[in-house]
Every structure is written in structure tokens, then in C-alpha cells.
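Structure first, then comments.
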Amino acid sequence: MVWQIPDYTPVRSITEPIITLEGHSKRVGILSWHPTARNVLLSAGGDNVIIIWNVGTGEVLLSLDDMHPDVIHSVCWNTNGSLLATTCKDKTLRIIDPRKGQVVAERFAAHEGMRPMRAVFTRQGHIFTTGFTRMSQRELGLWDPNNFEEPVALQEMDTSNGVLLPFYDPDSSIVYLCGKGDSSIRYFEITEEPPFVHYLNTFSSKEPQRGMGFMPKRGLDVSKCEIARFYKLHERKCEPIVMTVPRKSDLFQDDLYPDTPGPEPALEADEWLSGQDADPVLISLRDGYVPPKHRELRVTKRNILDVRPPSGPRRSQSASNAPLSQHTLETLLEEIKALREQVQAQEQRITSLENMLCELVDGTD
């Protein structure tokens, strides 16, 4: 299900998705938006299938259903969205061209342990992976897809059993490793000089993390030299974790904030499907990020309501052609009623303030 989050604060809870995409036979565990094409969404499920959708029309663009013999653990686009890196329970790291439906490179047992691997593309086109050794030690690796025989770098970490989740920032080439069940975040810089993966520091806390979210760069506070923000999931709360670089100057720090991918797509879905590639459209954060005014889902072919499945039992043909359902009509009436009450309350407030102003003016006279 795809949900539209409005820029304003809604007066009631959002209970209806803007579109429902049906295609997997088992539950979906991985979702990833295409980095440069409009409304293109990747999903991977327990059926070992990857589906690429055009959300603007509800159509399946591509279905990769014969490439993974077992459960898919992770999927990542490269910078321009021309390739995918996937890891699978069969211990194989694959580089896939989704439009050709081909595996262009693969490496068996990039990490020899049986526990799940994760993989992300770096800015230079390398693959950064996390996994386990045969002795169940956590391990990280850096690979060149053009030469999978030997790793560019391979480092053992510790003996904890939590899967390391990599969050990569291409602007700074820093990768943050968050282990499920850990109470720390370790971060490394990836460079083109040996040892290629350089340990920087560790953020430690008392409470273990059940999951972690990563804010896009354009959501950070540049005035405070914030370079990363995580959202740490606890049992009953979500805690922001802010990473900053100490600087004495109040000026904009060009070295910390190179131009970064913005929200505007570089391609339409059909253009990408036809074989076109384009790098992300970059924006400057010098004056902070200001979101565009109109960010609603843009339909590029037919209206998404034409392919939207009915929410209840199948209706008769005459009922389905009705302009508005009873539920929709009741929802609109409730919203109108709530808005009318808000307007009346504001009018009373304005009247009260005007009376107070008149009394003040009369008192000064």
C-alpha cells in the first residue's frame, strides 16, 4: 500500500492508501524507491520475487521471478538506478540489470557464515557488504563488481549475533553500521586509498535498538553542522540520534554539504524502462532545504483510481459507477463539519481579540 502524507496537518487519521499494489504471493519485506525515476518502486517478498512498479499507474513494469532460489535479504539500487545489488539466503551476492533481466556479476559466499548478508552500492560503484565468518564473527567487506574474485577490503568485527544494517551517505562516503539488538552505531569512511574502509568512531547508548531509520541529507539542520540523523526504535518509543561535526564558524560549511540529491526525478518511469539513465538531480543546502509546494503523486498514464481494487465485497456494476460511495460521502461530511467548527472557533477568537483591542484603545484615550 502507498500512502500520501500531506504537507498540512490532517484533521483526521489517514486510513485509506492512495493505491494498493497486488502482485506478491507472500508478504513483502523490502521496499526501495528508484533514485532517479518518477514513481518507480521496487518490492521484494517472501516469494523470492522482485517486482518493479509504476506507482503512478499501479502497473507492474518488471518482475524478476527466477533469479533468487531462496529468501532475499537485501536489495539496493546504484546511484543512477541502472543496477541492483541483492543478497540472498543462498549466500550469493548478485549484481542485476533489471531491465535486461540478467545477473551481470555474482559472488558466492562473499561472507562464509550462514547468517544474513546486507549489501549497498557506494558512490564509486563498489559494493559494501556486512555478514558473518564461518566462526560466526561479524564481518564487513568492500568489493569491485568488475572483479569479484578477491575483496578490496575484508575486516572482522566482533562475535555479536545481530545482523549489521549498513546506512551509506554518498556525500561524505561514510557508512554507519547499526546492529539489531546492539546499543551502538559504528561508522567508517570509505576511500580509494588502503585500507579503503577506515574506522572513525562509535556512538554508544544504554538501550538496545530494535530497528533504525535514516534521515535523507536534505532533512538535516545545516546551521548546526548536522551530518546524520537516525531514528532509533525502542519497545515503546522512537528516539532521534543526531550526529554533528563541531565547527566554530556559523557560516555554511561547503565541505560538509556538497550538492545532494533532491526530490525531483531526472526521468519519467517510461523513459527509464525504455533504457535511459540519468544521475540524480542535485540541490544545494546552502539556505537549508525548502520542500516544493506541490509534491502529490503525479499520474503519468491513467488515473490510479481506475485500477484501485474495491475496499469491500465486490459491488454490482451499477453501484461501482456511482460518483461517490456512501463511506466517501460520510467521510467528506465529517471533514466539512470539523472544518466548520474550526472556522467558528477562530471567528469567536478573532471577535474576542477585537473586543480586547477596542478596550485597550478606549483606555488609552
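Positions of Cβ are set from backbone N, Cα and C atoms, glycine also.
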21-48, 105-132, 217-244, 329-356 - the one TrEMBL records as coiled coil: 329-356
Mean of pLDDT values spanning the repeat 'WD' (65-106): 97
